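Below is one structure; the comments refer to it alone.
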Amino acid sequence: MEERRRAGYSVQREILDEGAVDEMAEKSDSKTSLSEKLKKSMRCSGPRVKSCLLGSFPVVSWLPRYSIRENALGDLVSGISVGIMHLPQGMAYALLASVPPVFGLYSSFYPVLIYFIFGTSKHISIGTYAVMSVMIGGVIERLAPDSNFMDWDNVTNSSHVNIDLRDAERVRVAAAVTFLSGIFQIILGLVQFGFVVTYLSEPLVRGYTTGAAIHVIVSQLKYTFGISPRRFNGPFSLIYTVLEICSIIPETNIGTLVVSIVAIIGLMLAKELNAYLSKKLPVPIPVELIGIVVATVISWQVDLRTKYGVDVVGLIPSGLQPPVLPTASLFGQVIGDAFALAVVGYGIAISLGRIFALKYGYKVDSNQELIALGLSNSIGGIFQCFAISCSMSRTMVQESTGGKTQVAGALSAIIILFITLWIGRLFEDLPKAVLAAIIFVNLHGMIKQFLDIPALWRSNKVDMLIWVVTFIFTILFNPDLGLAASIGFSMLTVIFRTQLPTYSILGQVPDTDIYRPLEGYNQVKRVPGILIFRSSATLYFANAEMYQEALGEKSGINITKFLSAKKKLEAKRKRHEKKNAKKAAKNNAVDMEEVPEREEQKDIAIIEVEDEPDPSLPRAIVLDLSPVNFLDTVGVKALRSIQKDYGEIGIEVVLAGCQTGVVDNMQTGGFFNDKVTKACLFSSVHDAVLHCQSARTHSQDEAMYCEIPSTHL
């Protein structure tokens with residue numbers, strides 16, 4: 001086994017530079033023009049039309065092949081379970097969005113059916129989501145605060161909120177921002193912008209959702225304590241809200257607080273029981289549904305609203321709302337919030353969708369997911385829904401109860417339709433404190449994400465910093481501005497890491513063609529007379545100057561000082577020649593060539609230079625560019641400057657490991673000319689080292705001379 005593992009290989013070939021490799025491999029210079037690409041993209045054929053149709057309407061491709069025997073039972077059980085969860089979560093998250101609870105049920109019906117037709121993930125549960133709801137609530141409270149709907153009562157000489165007018169305006173705002181976010185998602189999907197999710201790294205998403213969970217908790221404290229704090233908007237509004245709640249905490253409604261405590265404790269105990277029996281039960285216990293049924297019955301029998309002042313859900317109209325076009329005049333005020341909702345909703349849904357796609361071996365189309373979510377939101381906005389995404393808790397239930405296709409989601413929508421048409425009005429006496437308790441208990445998974453901090457500290461401190469900063473930005477600047485600031489900070493960490501790379505001098509692993517940093521290996525040896533330099537980052541405008549400085553520092557060569565000394569020497573030599581020429585003209589010498597020669601011999605000494613005059617200075621420098629994946633014009637100029645400057649003091653500079661795209665960047669950036677060809681480029685560091693060694697061997701048979709002023713001897 002040891003002999004097989006250490007089996008060696010031997011390759012004999014000539015030293016190949018980049019030009020020789022291009023010639024041997026017959027590199028093709030043909031490139032497809034933009035017009036040809038456009039013509040190709042516009043061509044229409046039968047297979048292409050079919051592929052486009054199946055890609056745009058995924059349900060057409062999988063529904064005809066749906067296996068009733070294998071999938072029907074699991075999808076039925078899963079659909080009923082998730083549909084039951086939609087009821088309490090939809091109503092609770094409607095409170096987060098600052099709209100009447102029934103609109104949470106609408107948001108659990110229309111978008112789910114649309115996603116059933118256009119979505120590509122088989123397992124995620126589309127519908128109301130806490131983070132999206134709290135973002136919409138922030139927009140609604142900013143554009144339709146209670147203060148805009150105050151009416152004066154002449155009988156009591158006091159003002160009160162006109163709840164009907166307020167709720168109608170808030171529904172219009174929610175529909176407008178939802179519709180616009182859907183349009184953004186559709187546009188991004190049509191222009192193949194699905195890769196935007198790559199800017200939402202996992203630490204960023206988890207830090208963001210944790211910060212949003214804190215916003216959710218604070219927003220529900222008014223229902224827990226039965227108080228009415230002022231609503232603050234803009235940066236630091238969360239801090240102001242907490243201070244406001246602390247100041248009016250003595251006004252707590254005891255009845256509401258008791259209901260909240262009992263509901264939270266009961267739900268937590270039931271959740272723990274559910275987790276304990278999860279392996280024994282085929283279907284999880286519908287804890288939230290049981291909770292709202294029990295709470296509604298108790299509230300109705302005890303009359304909590306009248307006797308104890310407990311705030312209840314109130315009127316729930318039966319039936320569905322007719323479609324209404326969103327108010328276009330609101331678009332200008334919510335365009336930024338709509339884009340943030342579009343990105344956040346898509347990022348959460350595609351992240352969870354990819355997890356289950358990888359687990360069950362199918363593919364999720366990122367661009368089609370954008371279109372599916374966009375249609376769900378835009379059409380949902382017309383039916384007065386608020387923005388939706390994917391819920392982690394419902395998705396886990398849908399998967400664990402046997403859901404295998406999108407049919408489970410469609411069945412859950414049918415359950416919600418049944419509830420909305422006939423059962424919804426039975427929950428009019430449900431205390432809002434119970435809905436708040438459901439939200440608190442469902443957020444425990446997000447709160448547990450604080451445990452990411454020590455784990456990330458051990459694995460990657462930069463990711464930990466992204467998590468913490470994202471959390472802080474989300475807390476301070478609210479979810480919309482916090483997301484933009486967090487993405488900006490995440491991008492800055494990438495820039496900082498390219499500006500602070502690791503610069504290394506490479507040495508050779510004995511008897512191999514492998515080169516490793518001298519600092520990290522004991523047996524790696526420096527190649528005599530050759531400096532091999534590598535940066536761990538790409539080379540571009542932000543770090544080109546640092547690259548040159550690091551090369552000078554690692555090589556021990558102050559190139560500026562060397563070039564300055566050489567220029568002074570050249571200037572002195574020219575002055576000396578000019579002086580000799582004037583002397584010759586003045587004395588009218590017979591032989592104009594002998595006089596300068598005699599004068600020069602007095603001041604100039606010709607000295608034979610040894611092969612290794614200074615062991616600390618290399619004869620050649622190899623720049624390992626294998627980590628470089630692109631070059632901009634500044635990077636090309638930096639490499640050209642390095643080769644020119646070190647070449648002027650007699651040090652050959654060659655490049656190794658250049659990728660094809662980097663060579664093309666050098667070609668278009670003007671790196672090559674009549675003197676500089678691809679002969680200075682090598683495919684590997686070993687080829688470059690062998691080239692430098694062979695060039696040195698050829699020059700050893702010839703004497704090397706340089707002229708130095710005698711005064712410097």
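The backbone N, Cα and C atoms fix where each Cβ goes, glycine too.
Heads up, TrEMBL stuff is auto-annotated, nobody curated it.
Annotated compositional bias 'Basic residues' per TrEMBL: 574-585, in sequence order.
As annotated by TrEMBL, domain 'STAS' applies to 520-692.
Taken from TrEMBL, the feature region 'Disordered' covers 574-595.
According to TrEMBL, the transmembrane segment annotation covers 93-118 (among others). Residues 56-59, 86-87, 126-130, 133-134, 136-137, 140-141, 144, 167, 170-171, 174, 216, 219-220, 223, 313-314, 316-317, 320-321, 368, 371-373, 375-377, 379-380, 383-386, 388, 406-407, 409-410, 412-413, 416-417, 419-420, 424, 427, 432, 435-436, 439 of the same chain lie 6+ residues outside the transmembrane segment (93-118) yet bring a C-beta within less than 8 angstroms of a C-beta in it.
Within its own chain, the transmembrane segment (124-144) is flanked in space by residues 82, 86, 89-90, 93-94, 96-99, 104, 107-108, 111-112, 115, 166, 169-170, 173-174, 177-178, 208-209, 212-213, 215-216, 219, 231, 233-234, 237, 330, 333-334, 337, 340-341, 344-345, 348-349, 352-353, 356, 373, 376, 386-391, 394-395, 397-398, 409, 412, 439, 442-443, 446, 478-480, which lie at least six positions past its ends and keep a Cβ under 8 Å from the stretch. The transmembrane segment annotation in TrEMBL covers 124-144 (among others).
Look at TrEMBL and you will find 173-200 (among others) tagged as transmembrane segment.
Residues or ranges marked as transmembrane segment by TrEMBL: 238-269 (among others). Residues 214-215, 218-219, 221-232, 287-288, 291, 295, 304, 307-311, 431, 433-434, 436-438, 440-441, 475-476, 478 of the same chain, all 6+ positions outside the transmembrane segment (238-269), place their C-beta atoms under 8 angstroms from a C-beta of that stretch.
According to TrEMBL, the feature transmembrane segment maps to 281-302 (among others).
What TrEMBL lists as transmembrane segment is 338-358 (among others). Taking Cβ pairs closer than 8 Å, the transmembrane segment (338-358) reaches residues 120-124, 126, 129, 131-132, 135-136, 177-178, 180-185, 188, 194, 196-197, 200, 202, 205, 208-209, 331, 364, 366, 369-370, 373-374, 377, 387-390, 392, 395, 399, 479-480, 483-484 in its own chain, all 6 or more past its ends.
According to TrEMBL, the feature transmembrane segment maps to 370-389 (among others).
When Cβ-Cβ distances below 8 Å are used as the criterion, the transmembrane segment (409-427) is approached by residues 75-76, 78-80, 82-84, 86-87, 90-91, 101-102, 105-106, 108-109, 112-113, 115-116, 119, 125-127, 292, 296, 313, 316-320, 398 of the same chain, each at least six residues removed from its ends. The feature transmembrane segment is assigned by TrEMBL to 409-427 (among others).
Annotated transmembrane segment per TrEMBL: 471-496 (among others), in sequence order.
Sequence-distant contacts of the transmembrane segment (370-389) (same chain, at least 6 residues past either end, Cβ-Cβ under 8 Å): 56, 94, 97, 99, 103-104, 106-107, 110-112, 114-115, 118-120, 126-129, 131-133, 135-136, 171, 174-190, 193-194, 320-321, 323-326, 341-342, 344-346, 348-349. Within the chain, the transmembrane segment (471-496) has long-range Cβ neighbours (under 8 A, six or more residues past its boundaries) at 131, 134-135, 138-139, 199-201, 204, 207-208, 210-212, 214-215, 234-239, 336-337, 340, 343-344, 462, 465, 542.
Sorting each residue of the compositional bias 'Basic residues' (574-585) by its DSSP state yields 12 helix, 0 strand, 0 coil.
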